[in-house]
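Features reported for this protein in TrEMBL:
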- His164, Asp165, His168, Glu180: Zn(2+) binding site (BINDING)
- 257-280: compositional bias 'Basic and acidic residues' (COMPBIAS)
- 257-289: region 'Disordered' (REGION)
Amino acid sequence: MAYASASRRLLNLPPSQRVTFFTSTRGFSVLNRPPPNYEGHVPLNVFERGALAAGSAVMSLLNPRRGDLIAALGETTATPYFIYRLRDAMLCNPTGRRILRDRPRITSKSMSVEKLRALPENTVGQAYMDWLDREGVSPDTRDSVKYIDNEECAYVMQRYRESHDFYHALTGLPVFVEGEVALKAFEFANTLLPMTGLSLFAVTRMKPAERSRFWHTYLPWAIGNGLKSKEVINVYWEEELERDVADLRAELGLERPPDLRDTRKTLREQRKTAKEKSEKMSGLMADSP
């Protein structure tokens, strides 16, 4: 009787949920792996997921330029709760629901570089292109999602991943470690994805002055703005390209942090000036009788 009741409840589920149920509950091994739920999907059992999460966490800390490891860490730690929470946040928002329905992709093919460059100054599209050019980044560098079982949640992760450069453009934070960690802290407060929080361990790779600047300036900015601003996953970037970037920040409730590149440049100039003064004083003292 209990088996029959459980079977009826399972048959009442939508087909997509039935697939997820079987994928998550049926035992499997490397030689007995269930079929993929979407193109490129790689089903993992609990042990494989845990091992991949641990391995990618350690190796990405040792080599933060390995985007594939960071991507694997993001996917293996996002389930079973966090990516569903982010998907539900999109379903609760009218724009988020349209994004889930339309499934837009952010690539160099879907966004014309020539049109973006022709946009007026201070627009979202121009800010995005300026940031890509300045940092030497392409929208085609994002790996495809493959370790999240639910197909819709896999798209949510892909959307977050492809929107990451827009978050950079909106905040002005650069791609080197100090800027990336600051942006990841903002994303953690805004999205709750574990990988973004785990990325804060990269603070250990910073120089003492950078760590001090992060703890006293950029972490407070990241947590405060991440919590108070609207969920950035619900921004339909393709429809905001011609909008004034300051207006979009105001609508989201997002304040731009101090320019990190300018801050570092000013400090370098100050150190250079101090060094030149010190050398000059040493020369005068050496010439004095």
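A Cβ is built for glycine as well, from the same backbone N, Cα and C atoms used for every other residue.
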Using all protein chains shown, find which of the binding-site residues Asp165, Glu180 scores highest when you count other CB atoms within 10 A of its CB. Asp165
Using an 8 Å cut-off from the Cβ centroid of His164, Asp165, His168, Glu180, can you name the remaining same-chain residues around the Zn(2+) site, in sequence order? Val137, Phe166, Tyr167, Leu173, Val175, Leu183
Check each residue in the chain of His164 (Zn(2+) binding site) that is at least six apart in sequence and keep those whose C-beta is under 8 Å from its C-beta; list them in sequence order. Arg142, Leu183, Glu187
Counting across all protein chains present, how many other Cβ atoms fall within 10 Å of the Cβ of His168 (Zn(2+) binding site)? 22
